[in-house]
Amino acid sequence: ITACLVLIGTVCAKEGYLVNKSTGCKYNCLILGENKNCDMECKAKNQGGSYGYCYKLACWCEGLPESTPTYPIPGKTCRTK
């Protein structure tokens with residue numbers, strides 16, 4: 001049973017670019033690959049991810065719950081001030 005739960009958790013985990021819900025923009029990063037800031041942001045309590053790194057100058061997260069939005073947010077374009 002435990003193995004099945006682990007497998008289901010892995011299959012159902014979401015991944016994608018972390019997005020700022022207010023602006024609709026990706027979280028930017030400069031240090032590609034392993035990135036402490038991206039990892040910290042992805043693992044934050046309000047995000048719920050298991051791992052994060054910098055990919056194509058934006059934070060990519062793995063192991064996100066389905067409830068965490070990823071870029072792009074449908075119907076919302078990236079707007080900065």
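Backbone N, Cα and C define each Cβ position, glycine as well.
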Recorded disulfide counterpart of Cys29 (Swiss-Prot; options Cys4, Cys12, Cys54): Cys54
Per Swiss-Prot, the disulfide partner of Cys59, chosen from Cys12, Cys25, Cys38: Cys38
Partner cysteine of Cys42 (disulphide bond, per Swiss-Prot) from Cys12, Cys61: Cys61
Cys25 - recorded disulfide partner, Swiss-Prot, among Cys4, Cys78: Cys78
Rounded Cα separation (Å) that holds between Cys42 (disulfide bond) and Cys25 (disulfide bond): 15
Residue among disulfide-bonded residues Cys38, Cys54, Cys59 with Cα closest to the Cα of Cys25 (disulfide bond): Cys59
CB within-chain contacts under 8 A for Cys29 (disulfide bond), separation at least 6: Asn35, Asn37, Cys38, Cys54, Leu57, Ala58, Cys59
DSSP residue counts for the domain 'LCN-type CS-alpha/beta' (14-79), split into helix, strand and coil: 8 helix, 23 strand, 35 coil
